[in-house]
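The structure appears below as structure tokens.
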Amino acid sequence: MRVNNGLTPQELEAYGISDVHDIVYNPSYDLLYQEELDPSLTGYERGVLTNLGAVAVDTGIFTGRSPKDKYIVRDDTTRDTFWWADKGKGKNDNKPLSPETWQHLKGLVTKQLSGKRLFVVDAFCGANPDTRLSVRFITEVAWQAHFVKNMFIRPSDEELAGFKPDFIVMNGAKCTNPQWKEQGLNSENFVAFNLTERMQLIGGTWYGGEMKKGMFSMMNYLLPLKGIASMHCSANVGEKGDVAVFFGLSGTGKTTLSTDPKRRLIGDDEHGWDDDGVFNFEGGCYAKTIKLSKEAEPEIYNAIRRDALLENVTVREDGSIDFDDGSKTENTRVSYPIYHIENIVKPVSKAGHATKVIFLTADAFGVLPPVSRLTADQTQYHFLSGFTAKLAGTERGITEPTPTFSACFGAAFLSLHPTQYAEVLVKRMQAAGAQAYLVNTGWNGTGKRISIKDTRAIIDAILNGSLDNAETFTLPMFNLAIPTELPGVDTKILDPRNTYASPEQWQEKAETLAKLFIDNFDKYTDTPAGAALVAAGPKL
């Protein structure tokens, strides 16, 4: 067994963890496999072996992130820079926490981890050595260590020898905070950050995504302050080195559409864009598996094998997986190391500057076209609007599609004001001569979801330039430029009005959606730059 590799219990004592029985340091996949399937494990610690070779775990009631339980310590480091939930017009999840309450939460987590056998995983967040975070994850649960090993960048032995953590994540999933009411918190569960101590604490929730998205929120704080774009997007690169980025909220198609046999994958969810180009923050993928089929998404299906980790899927007695069963959650997931996808950028997940920027939206109203080409002002408007329908299950309590606006297609993970991300992105796009497009992967007037086949043909037309050469017409009210025809796409669906029994039906729904856009964008009109963008949005 690879135990501690030079990491001593004394080092953990510096974080407040005492009486450590032993440290399993950067465990191998083989060791994690044995640990997860240990028959003596009970509850959510226990893994189940599936017939695809991957282990499956359950995360209990926490089958998605808990944004209402997210807190950031408000102190001299963050007071004037963070985008706070209790200031300004914008709504977000960055609730302030006092240094005193932080110390109490830290005491709960360190008490939980003390006197235990611990898994410690050292990993990088960010493929660019100049700006990456060296993160140390500490947990008592084997599969949580496995999740981290899948999702973050795995250091070489040489890099581990000189590893000095910039950030510590202590996962105390088994502990809760009984004093939450007196402290004015949302519940007994917590996901808390301290930028001065450079630490994240997790209590009460078993959901693996809290570690992944926690570090994304930190990159979203640190990078834009250096002029580097930090983006909730997937990215891939073509044979000629042409890079495309796909922005979108969970479930809109980021992973599916960027995993393309004709292009090499840079990453599926979190990226930076600096003077050298686009780079991945992660070393793995976290794909939704609800209704997954080998026929529709072969690359993702084939990635589910030994070393992949499934979450909240239904495993039958014979070890087979029912991917259609959403009874635990619609947000069933699999994490796997990025090299489980054959067609990836090697050896480092980065490439040149992006020339195509694609905003993915899933419109539950059936109003927006499957694709439109955006002007420079429309690019900023739709980036700041971040419209989609929240799809079932990516957060607790949401089971039906409901319209939502999420600034920069990732408001839940923003640490600075949205306009700061828009400014950095626009500068990067202008320097690279990039063009933006709005792609609707949602529903049309028939009530049917636009097919993956049609959406893939649309993406192909964007990437090969044929969309830029196509004739366009303007969709009224939203003033969006829509191609009259595209190769491989049913022409009838390009104009959303054609999918309704009458144009009046579209008009009625369009007015409802336009009003939602206008009302949402009002929060940006308190600055001259924001007010100037109103004209790029829908008009009633």
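Yeah, the Cβs are placed from backbone N, Cα and C, and that goes for glycine too.
Taken from Swiss-Prot, the feature substrate binding site applies to R65, Y207, K213, R333. The annotation ATP binding site is assigned in Swiss-Prot to K213, H232, 248-256, E297, R333, 449-450, T455. Residues or ranges marked as Mn(2+) binding site in Swiss-Prot (evidence: sequence analysis): K213, H232, D269. As annotated by Swiss-Prot, N6-acetyllysine applies to K87, K523.
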Sparsest Cβ surroundings (other CB atoms within 10 Å) among the recorded positions R65, K87, K213, H232, R333: K87
Environment of K213, H232, D269, the listed Mn(2+) site - residues of the same chain whose CB lies within 8 A of the CB centroid: K212, F216, S250, E270, G410, F413
Residues near T256 (ATP binding site) in space but at least six apart in sequence (CB under 8 A): A287, E297, I300, I452
Where K523 (N6-acetyllysine) sits in the secondary structure, as DSSP reduces it to three classes: helix
Nonlocal neighbours by CB distance (under 8 Å) for D269 (Mn(2+) binding site), same chain, sequence gap 6 or more: F216, H232, C233, S234, K254, T255, E282, C285, Y286
Lowest local Cβ density among K254, K523, which the record lists as recorded positions, within 10 Å: K523
Between K523 (N6-acetyllysine) and R65 (substrate binding site): CA-CA distance (Å): 25
Cβ contacts of I450 (ATP binding site) (under 8 Å, same chain, 6 or more positions away): P370, N440, T441, G442, W443, N444, I493
Candidates K87, Y207, R333, K523 (recorded positions) - the one closest to S250 (ATP binding site) by CA: R333
